[in-house]
Every structure is written in structure tokens, then in C-alpha cells.
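**Q** Structure provided below as C-alpha cells; questions to follow.
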Amino acid sequence: MDSEYAIEAEGLRRVYRTRTGWIRPRRETVEAVRGVDLTVRRGELFGLLGPNGAGKTTTIKMLNTLLIPTAGTARIRGFDVVRETREVRRRIGYVFGGDRGLYDRLSALDNLRYFAELYAVPAREQRHRIAELLELVGLTGRERERVEGYSRGMRQRLHIARGLLHRPEVLFLDEPSIGVDPVAARELRRTVADLAANGTTVLLTTHYMAEADELCDRIAVIADGRIQALGTPAQLRRRADGRRVVEVEAYGVPATALTALRDLPGVRETALEERGALQLLTVQSDAGVDVQGDVLRELAGVRLGRVNSREPTLEDAYVAIVNAA
Amino acid sequence: MTTLRLIGVGGLLAYRALFNWTTPAMYVGTLLAGPTFQLLFFAYLGRQLGVADDGFFILGNAVLAASSACVFGGTMAVANERRYGTLGHVLLSPRSRTVIFWGRVLPYAGNGLLIAAFTLLMGTLMLGLRIPPAALPGIALALAAGSLACGFFGLTLGALGLRFRDVWVVSNVSAALLLLLTGVNVPRENLPPWMADIGQFLPITHAAEAARLLAAGHGLASAAPALGTELLVGAGYALLAAVLLRVFEAESRRRASLETR
């Protein structure tokens with residue numbers, strides 16, 4: 001099969017049905033993905049962004065054969081993810097973030113040796129391929145240590161090496177930089193960019209807008225199980241064109257103040273991000289309206305830190321898209 | 001060749017990755033000392049009650065000794081994937097599930113054979129049992145058959161772990177049932193018929209019978225039917241495990257019933 005697209009999805013839906021309790025069972029139905037259509041070209045680095053519970057991981061799991069779609073179809077390099085699972089699995093790699101997903105008692109080397117067997121890497125290639133990947137992810141010299149002693153960044157790099165063992169044509173990266181320190185995250189981005197530059201198709205989910213902005217050729221924003229916006233980072237940023245952003249560091253913004261801010265003339269979006277004790281309040285407004293004074297007035301009595309007015313970023317566009325969903 | 005590698009190299013790596021009792025303290029305490037003391041307990045109890053001679057308990061408990069490592073090991077071979085969050089990566093393998101998981105049983109069976117041989121040695125030394133040297137190869141065969149059958153029985157329980165979170169409850173109950181129903185410590189003719197009938201379908205029942213026949217000086221020909229039946233029971237569980245793994249994997253894709261990340 002020689003499709004132009006590495007990934008194709010049409011009308012992808014997934015419904016979860018849960019049952020809790022034995023005597024009086026309670027059944028719940030959750031529609032996690034509600035009709036996703038997307039195509040990813042070969043060699044493209046495609047970002048899938050969305051808030052928690054938006055349907056990102058479910059979409060990836062349908063694309064990588066771990067879940068069967070309730071409706072719709074998907075193909076990887078032309079192979080159907082439901083009927084031709086073996087062909088699909090030969091061509092994909094899957095990496096997810098976090099501490100789990102590795103055999104803690106084994107060394108990195110033995111983890112890679114085992115997954116090389118599972119992913120059918122020919123025996124004569126294994127030694128060279130594993131050495132090459134350890135070098136790529138910067139674990140050469142530490143490969144004989146047990147994984148249980150690894151830092152999260154080292155584990156994440158090992159996840160990447162594992163995902164690349166069989167030279168997958170399509171790589172799914174599900175929040176790979178979660179919990180990784182800035183230096184390791186930068187290394188990770190460089191590795192991912194190199195992979196895409198060498199022809200690997202990458203589907204990346206992340207919460208870090210800067211990461212998506214820097215890496216992705218195109219981005220889809222998913223919320224409420226549907227793709228809400230799709231385009232290049234520049235195209236998505238233009239969603240916030242004609243806006244101005246005021247950022248305020250604050251401590252203990254009351255809910256009433258937030259409501260009042262939303263009702264101010266010219267205000268388009270507000271978002272409050274918790275950063276430990278500190279809160280970062282972001283207010284997007286029409287560019288022609290100066291809301292800074294009004295914002296500070298509504299926050300009278302609240303302890304404030306730095307106040308900043310700036311041009312909108314991809315993150316602001318993302319917030320606008322998600323809030324509109 | 002690649003299939004053999006997956007069974008051999010893959011099986012050994014999976015054993016080191018997933019078997020909880022590989023540290024020296026756990027291995028010696030759980031798999032060597034525990035079964036030896038259990039053997040002594042039942043042998044002395046048997047003497048007290050006049051149920052059977054020492055040989056009955058030594059051979060029965062030697063065969064039973066393999067079951068802890070094999071039944072729990074077989075269960076760990078699948079269920080511990082959940083613990084490490086590696087199940088999704090295993091399920092994404094394009095290789096045959098049957099080969100992957102059957103390959104995992106072999107190191108447990110080998111381990112079970114070693115433990116059974118050690119328990120037999122300790123029993124014979126401590127209780128003074130004499131086994132004809134000519135019977136030893138046949139007894140080793142019986143212990144190996146019992147270990148293999150136990151491993152596949154454990155794998156079947158492990159497969160249930162793909163569907164039911166509390167699979168260790170099933171493993172614990174199964175270990176107790178092996179003690180009760182297989183005739184290793186209670187002569188099967190003394191059991192209620194329905195219990196003895198269930199025992200026919202459990203691993204180690206026929207291996208214990210074969211080992212006792214061989215130790216009593218009967219030739220391999222006399223023990224062959226029991227040995228063959230033990231292998232047949234093992235093959236049955238191997239098949240059942242393969243079917244359950246396939247069914248539960250398919251179900252997990254439909255119902256999202258597995259934690260695959």
C-alpha cells in the first residue's frame with residue numbers, strides 16, 4: 001500500500017460504557033470522541049492539542065489499534081486499524097509520558113532487548129540498533145543500570161528509544177514531555193524534530209503550547225471529542241488576531257471577580273491558571289480596547305504581582321478555541 | 001528461528017522482569033525453605049495419623065513444591081504487566097500472543113523443576129528415604145511434567161487477570177485447591193469422589209502418581225500413562241490460556257477493559 005497519507009481518520013467515534021455496583025448497577029455512557037476526521041501526510045509532524053478529557057488519548061488508542069472505534073474508520077499507511085492490526089502494528093511506535101511503561105527490575109539494555117524481540121527486530125540488527133538508540137537518547141554508559149533508579153527524564157528518553165526500535169513509519173507521542181525538566185524537554189524536542197526531518201510521521205499530543213508551536217507542521221485542537229480547529233501554528237495564532245492580552249499575577253482571585261471580568265466591555269476570554277500559591281490571570285480583549293485599568297479595578301483588594309500587556313500567542317488562540325467549544 | 005528467540009530469549013527476559021521472587025531472600029524463603037518445612041509438617045502429621053509412609057509425602061510435596069513458583073509465576077507473567085503499565089506495549093507487538101506468553105512459561109517450569117528437585121533432595125536426606133537410582137530420570141521427568149502443567153495452569157489464571165483485577169485471590173485459592181485435591185498430601189482414595197474427580201483435571205495430580213510409582217520401583221512403562229495424562233492436562237491449560245488471552249484482548253479493544261497506559 002502506498003497511500004499519500006500516513007494517517008487517515010474519517011468520522012472516528014468512541015463511546016465508553018461503564019457499569020458500577022452489583023446489586024443496583026449504574027450504567028453510564030460517555031462519548032469520548034464524537035466524529036474526528038483528520039489526515040496526516042507522510043513525514044508530517046502533527047500536533048493534537050486539547051484539555052484533559054478532550055479525547056486525545058482515545059483518538060491515539062483507536063489509531064494505534066488498542067481500541068476499536070465505535071464508528072468511523074482509520075487507516076495507517078493505508079492499513080485498516082481494525083482489520084489489519086498486524087500490518088498497522090509493524091509500522092507504528094507508541095510513546096507515552098510518565099513513570100510507567102517500563103520493566104523497573106530490568107536494565108535499560110534489557111528493556112530494549114526484550115522489546116526488540118516483541119517488535120520483531122531481526123537478531124543480527126538488535127545490538128547495533130540498540131546502541132544507536134541509546135546514543136540518540138543520551139543513555140550510553142547508563143544502559144546497564146536498573147530502570148528503577150532512573151529519573152523521569154531518563155525514563156522518558158528510554159520510552160522514546162523503545163518506541164523507535166523497529167524504525168516505525170508512524171510514531172505516536174502521547175504527552176512525552178510531561179514532568180520532564182526544561183533541559184531534557186529541549187533534548188526531547190530536538191530528537192522529535194530530527195525524526196520528522198528524517199521522514200518519520202509523528203502525531204504528538206502535548207499540553208505545552210510552545211512545544212507544539214516549535215515542532216508541529218499542523219495542529220488540530222480537540223475539545224469535547226471533536227476537532228475544533230485545524231491548521232498550521234501561524235493559522236491558529238491568527239484566531240487570536242485583533243486581540244490584546246493582559247496577564248496579572250495574583251493571589252486568591254475570587255470567583256465573583258472572574259465573573260465581573262468576563263462581563264467587562266471588550267473582554268473576549270478569561271483564564272485562571274493555578275501555579276502553586278500564585279495564580280496567573282489572563283484576560284483577552286479586543287485590541288482596540290484598553291481593559292487593563294478596568295481589570296485592576298475589579299481586582300481591588302486582591303494581592304497582585306506583576307502585570308503585563310502583550311500580543312497574543314498560540315496558547316491564547318488555543319484558550320479561545322477551547323472556550324468556544 | 002525468530003520464534004525460538006522470542007520463546008527463549010524473550011521468555012528469560014520476561015521472567016527476570018515480571019517474577020517477584022527473584023531476590024535471594026525471597027527465593028530461598030518462599031520457594032526453598034517454605035516447601036521443605038511444609039514437607040516435614042505433612043510427613044510428621046502423616047506419621048502421627050498413620051495415613052501413609054514418608055515416601056508418599058516426600059514425593060507428593062516435591063511435586064507440589066513446583067506449584068508455588070509455577071502457578072504464581074505463570075500468573076505474574078501476565079498480571080504484572082498491569083503493575084508496570086507495560087501491557088499496552090506488549091499488546092502493540094505484531095508477534096503472536098500465544099508464542100509470547102507460552103514462551104514466558106518455560107523459565108517458570110524450569111525453575112519449578114529445580115525447586116521440586118531441591119525439595120525432594122531435602123526430604124530424602126532429612127527423612128532418610130531411599131530412592132533407586134534407576135528411578136531418578138523418570139522422577140525428574142515426572143517433576144518436569146508437573147512443573148510445565150503448573151506453569152500453563154498459572155498462565156490460565158494470569159489470563160484471567162486481563163479481565164479481573166483481583167486475580168491474586170484466584171491464584172491463592174487455586175494453590176489451596178492443589179494442596180487439597182491433587183492427592184499430594186491426602187490420598188485420593190480418601191477424598192470424596194467429586195473432589196477426586198476435580199483433581200483429575202488439575203496439574204500435579206498425575207505427576208505425583210507417576211513419581212510415586214517410579215520411586216516404588218515400577219518401571220517407566222507403568223508410570224507412562226500417568227505421565228502422559230499430566231502432559232495432556234498441561235496441554236489443555238496451555239490451550240485454554242491461549243484462547244482466554246485472545247478473547248480478553250479482543251474484548252479489551254471493544255470495551256476498553258485494560259489499562260494500556
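Just so you know, glycine gets a Cβ as well, placed from its N, Cα and C.
The model shown is predicted, which means the values in this text are computed figures rather than measured ones.
Not my notes, these are from TrEMBL:
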type: DOMAIN; residues: B:21-212; note: domain 'ABC-2 type transporter transmembrane'
type: TRANSMEM; residues: B:25-44; note: transmembrane segment
type: TRANSMEM; residues: B:56-79; note: transmembrane segment
type: TRANSMEM; residues: B:105-129; note: transmembrane segment
type: TRANSMEM; residues: B:135-160; note: transmembrane segment
type: TRANSMEM; residues: B:167-186; note: transmembrane segment
type: TRANSMEM; residues: B:231-248; note: transmembrane segment
**Q** What else in the chain is close to the transmembrane segment (B:56-79), if you only count residues 6 or more beyond its ends and a Cβ gap under 8 Å?
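**A** Answer is 14-15, 18-21, 30-31, 34-36, 38-39, 42-43, 46, 101, 104-105, 108-109, 111-113, 115-120, 123-124, 127, 129, 139, 142-143, 146-147, 150-159, 161-162, 167-168, 171, 174-175, 178-179, 182-185, 187, 203-204, 207-208, 211-212, 215, 245.
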**Q** Under 8 Å, at least 3 Cβ pairs, sequence separation 6 or more: does that hold for the transmembrane segment (B:135-160) versus the transmembrane segment (B:231-248)?
**A** yes
**Q** For the transmembrane segment (B:105-129), could you work out the same-chain residues 6 or more beyond its ends whose Cβ comes under 8 Å from its Cβ atoms?
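**A** Result: 7-8, 11-12, 14-15, 19, 31-32, 35-36, 39-40, 43, 54-55, 57-59, 61-63, 65-70, 73-74, 77, 139-140, 143-144, 146-148, 150-152, 154-155, 215, 238.
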